[in-house]
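**Student:** Sending over a structure as structure tokens; questions will come in a sec.
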Amino acid sequence: MPSLPQNVKKPTESRHFFCPKSSFPPRLEDSPCPLSSSIYGHITHNSLTPISVARLSPAGATAMSSFRAAVFLLLLAVASAHDYHDALRKSILFFEGQRSGKLPPDQRVKWRRDSALRDGSTVGRDLTGGYYDAGDNIKFGFPMAFTTTLLSWSIIDFGRTMGPELKNAVKAVRWATDYLLKVTVDPGVVYVQVGDAFSDHNCWERPEDMDTLRTVYKIDRDHPGSDVAGETAAALAAASIVFRSRDPSYSALLLNRAVRVFEFADTHRGAYSSSLHAAVCPFYCDVNGYQDELLWGAAWLHKASRRRVYREYIIKNEVVLHAGDTINEFGWDNKHAGINVLISKEVLMGRADYFENFKQNADGFICSLLPGISHPQYLSGGLIFKAGGSNMQHVTSLSFLLVAYSNYLSHSNKAVPCGSHSASPALLRQLAKRQVDYILGDNPLRMSYMVGYGERYPQRIHHRGSSLPSVKAHPARIHCKEGSLYFLTPNPNPNRLVGAVVGGPNVTDAFPDSRPYFQESEPTTYINAPLVGLLSYFSAHS
């Protein structure tokens, strides 16, 4: 989670800003870079061949012309020949750098060592393992469960094109599910966080050294958390599909646990950020409500189990749990778009007309992303941009849904109706590919936002383990405040966290390659999880 050691100011000497080349536009307040001008050059009519247009009125023609122009500009980036399989390999490797607990013999990120081996001891449970969510040393259950769900969905939809990396992707899922089984071992209880975030964020320590509070936080019948429990049920159910043929007994364990956790989430309703506000806010507050996680969990249980009870639950609660709300959002806090895309597959396959409303919602979501008529802003470099920091989480999650839905549409020979025009599956894939290519280097700065990919990539990411000397290089403990020297240095991080995708550029397409700028320079597991599926698809379809 974005974090800055307390009492440490952002140092001007370590601000390594990369700015797009432009001398005309004015600078934004508090930005060292001018607003970027367009980099696309001339427009060709053929760029919009996927769009079909009905007969329009003069007003409609004007609107359509604006829509065409917007799509032209977005898709006309100067594309490079990217090695998507290499990027896929690295995006999966990143998760090994985020591991907590006792590391296995086949650990490939060698500068990491065992950490947090006593997690759970204060409550008499083994809560070791799992992932650190980002650049700190906390195990936040809500984003970890979402990461697991998206990694599983990536394998379910795109695993067949992962090649030799499929086994590593499956290992990444199992590292998470082994932990999720531990935190749900007690009926009516889910351990949702290990570590005091305020204590952790007051230090800059390696996970191998940390001596901050490892407080365990839980939800139960008296302190409900339908959001995090619903997401945990979704993760377990989705992962049960991944292991269905690979390890049937483990798959059954995951599915049975998902059923139990979902029942707890639905029976004892409430938001975990209300029950545990002091611990989880402002880090991973559920500002969107828990209703979407209940539908999300039911949708994955329906897909995993094919039990009628979950189909009936979805139909019965579609309106009550607000399935159509805020359809242009998808992330660890808001599942609405994901719910509609996931359920729509059955409609498009001709198997579930009773879910038609979800398909209409999914179509609305797709239309909301189209440039020229969309809610999200597109930077002049072509990237989807939403305010609030760690923007790449939106880029990868929304792009994943574009490709997943495009595949469902292709199999049913359908397009998305958007008012007076429609968007074909090919267009959706083009839009998603433009986002992936931006991440990999087709952007105004000509730099990759994935560490270790390409010739130019972030060097000073906001990540404790990466920025501090490894245990091998510096065997002596580095205490809480001693790490500030490494946080403040303008030198590149000594340990390369290969595959980490950072938060990304700011609204001017500029990037501060500097640890204090955590909104731009911090990687997270939930940025990478959907990117795994995207890279797998484009490695076979580019």
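Any Cβ shown, glycine's included, is placed from N, Cα and C.
Bear in mind that TrEMBL entries carry predicted annotations, made automatically and left uncurated.
Just so it is clear, the model here is predicted, and its values are computed rather than measured.
Annotations per TrEMBL:
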DOMAIN    84-535  domain 'Glycoside hydrolase family 9'
ACT_SITE  H462  active site
ACT_SITE  D513  active site
ACT_SITE  E522  active site
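Describe each of these features in terms of where it is and what it packs against.
**Tutor:** For the domain 'Glycoside hydrolase family 9' (84-535), the model's pLDDT averages out at 96.
Here the Cβ of D513 (active site) has 22 other Cβ atoms within 10 Å, regardless of which shown protein chain they belong to.
There are 26 other Cβ atoms within 10 Å of the Cβ belonging to E522 (active site).
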**Student:** Near the Cβ of H462 (active site), how many other Cβ atoms are there if near means within 10 Å?
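**Tutor:** If we count other Cβ atoms within 10 Å of H462 (active site), we arrive at 27.
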**Student:** Whole-number answer please: how many Å between the C-alpha atoms of D513 (active site) and E522 (active site)?
**Tutor:** 10
